[in-house]
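Under the heading transmembrane segment, TrEMBL lists 12-31, 43-62, 83-105, 111-134, 155-172, 178-196. What TrEMBL records for 12-207 is domain 'Cation efflux protein transmembrane'.
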């Protein structure tokens, strides 16, 4: 557990340092080349720095035990912080789209292609390297997954910029050179088509966790299979299963309704079943909050008592 937390902090720190470097270079280079696309890349990286630092602080806060104020743990703070992060990115994307449309309507924007090509090449390679490092470890936590997605977006952005400027460079040698001022804002619009999708998808996932909705189907199927096997093997009349997920924590609640034929007679038998469920769900690489209850009266299973 401690090794995982240390790795998470190390990867988040790497993300912060990398984003800060790209932010400073992008903003300065964007001004020098008069490219809104590069300037946006720099501003996006700067916001990424702030958001990555927020993730780092949140991750550190979550490691501190406080069962009095957070009796069920702090895992729900992870999807909340992811919502905050992607909301900021979504607002930035909308601003970039509006700015690009205004540029197109006003006749485009002249850019320095030499500066732009050099920056976009270096940025693509650098972002890809950081993305690969984080993506290999994305199962460490939701924070790392969010950071990996962020760097993936950066890589795609930089690659799109590189391709766009290469096309612009070729066009500048033809009779269509008058269209070059429109290349930069058009690239912003094309890239934003993807950028707007990612925050919406990830925010939807995070909202599902905050609302305690059921997790991904593969998780549900895995736990349901384990529960059904236990029910059949011990001749249990009925089982009621509830699963939710918050960050890297799975909350699994199972109510077993027993009858006279059930093979569960003692507390030791009940603990044995809890152990079996814990063992058989180890393939799910999440922390687990497992609650297994037994009753002869269905009244106490699956209903809210008022």
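A Cβ is built for glycine as well, from the same backbone N, Cα and C atoms used for every other residue.
Note that TrEMBL annotation is computational and uncurated.
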Q. Taking residues 6+ outside the transmembrane segment (43-62), which of them lie with a CB under 8 Å of any CB in it?
A. 5, 8-9, 12-13, 15-16, 19-20, 22-24, 26-27, 74-75, 77-78, 81, 84-85, 88-89, 92, 141, 143, 146-147, 150, 154, 157, 247
Q. Which sequence positions outside the transmembrane segment (12-31), separated from its termini by at least 6 residues, show Cβ-Cβ distances below 8 Å to it?
A. 37-46, 48-49, 52-53, 55-56, 59, 115, 119, 123, 126-127, 130, 133-134, 143-144, 147, 150-151, 154
Q.
Please report, as numbers and ranges, the same-chain residues at least 6 past the borders of the transmembrane segment (178-196) whose CB is under 8 Å from any CB of it.
A. 35-37, 40, 89-90, 93-94, 96-97, 99-101, 103-104, 107-111, 113, 153, 156-157, 160-161, 164-165, 167-168, 171-172
